[in-house]
Amino acid sequence: MYLYVGFCLLLFERLPSWNLEPTVITPQGSEEDRSSLSVEMSMILSASVIRVRDGLPLSASTDYEQGTGMQECRKYFKKLSRKLAQLPDRCTLKTGHYNINFISSMGVSYMMLCTENYPNVLAFSFLDELQKEFITTYNMMKTNTAVRPYCFIEFDNFIQRTKQRYNNPRSLSTKINLSDMQMEIKLRPPYQISMGELGSANGVTSAFSVDYKGAGKISSAHQRLEPATLSGIVAFILSLLCAALNLIRGFHAIESLLQSDGEDFNYIVAFFLGTAACLYQCYLFVYYTGWRNVKSFLTFGLICLCNMYLYELRNLWQLFFHVTVGAFVTLQIWLRQAQGKAPDYDV
């Protein structure tokens, strides 16, 4: 018995010791290999809020990954921000493993980056939530007068909360109804932007036009104008008022001529020319055309000539009112220029 116990103790001492410490496995490979894990998952990666007219970033996610694919997508973000004024209000750009979706409304664009397998309905529902919250939180005056990039960076808190919800479909399914968005996307699908329209990757962009659902091509001759200011709206209304006054006086002049009261026919022409000039100034204020500033100055000259000819039929205050309104509208046309090339903000 003692010999058996001694033999067992000797055998136990000769056995190798057990290593009970846990083995830590560290991931091997480059950043591209690790970032490919996120590509296999269906998720939203980042989002930005950008002003349409000049591409100024108003707010953005602060958790960008640093993989090569993500860095390339940031370049596409910059290119798109410069062309937002020329694109439809709902678009998608496919960039390999990632998709960039955005919507634009009231001079602000909401852009997001997601994996290629993320559902379109969820992507645009996410952007719609960002849009509603941003419009509710900030008024148009603040967004139009902002001069510093990322001046609404605190909006990132809402972006992060909403992104977490949309990256967890189980918690999302009971909170939103996607049927309306699904029907809207089916009836009006997002415009698919091609790489040729966006431009080459080395920063040299090509001139292009967008044909979207029969809306026609958007060329440089039909650019969007900057948002109208309060003074511009007042000038537009006053110009319509002057046009109405000239039109009424013109009809009265026709009536006097028919009654043979000795009314000069040239007065009728002057009144209707003044009406046409005021209406054309309204058109120039609303729409962009070639030689727009020159046309506005020539139209103002025509208004002055018409009022000079009507000197005998109007008192000094009436003449002063019509000429001043014409000059005011001309100034507003000159101030409201076309949206130019966006500065190279670090979006």
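Glycine is no exception: its Cβ is also placed from the backbone N, Cα and C atoms.
Worth saying up front: this structure is predicted, and the values here are computed from it rather than measured.
According to TrEMBL, the features are:
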- 1-19: signal peptide (SIGNAL)
- 48-159: domain 'Longin' (DOMAIN)
- 228-248: transmembrane segment (TRANSMEM)
- 268-287: transmembrane segment (TRANSMEM)
- 294-311: transmembrane segment (TRANSMEM)
- 317-335: transmembrane segment (TRANSMEM)
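Taking every listed stretch (228-248, 268-287, 294-311) in turn, the largest tally of C-beta pairs under 8 A with the transmembrane segment (317-335) is reached by 228-248.
If one looks beyond the transmembrane segment (228-248) by at least 6 residues along the same chain, the residues whose Cβ comes under 8 Å of a Cβ in the stretch are 271-272, 274-275, 278-279, 281-282, 285-286, 306, 321-322, 325-326, 328-329, 331-332, 335-336. The average pLDDT computed over the domain 'Longin' (48-159) stands at 86.
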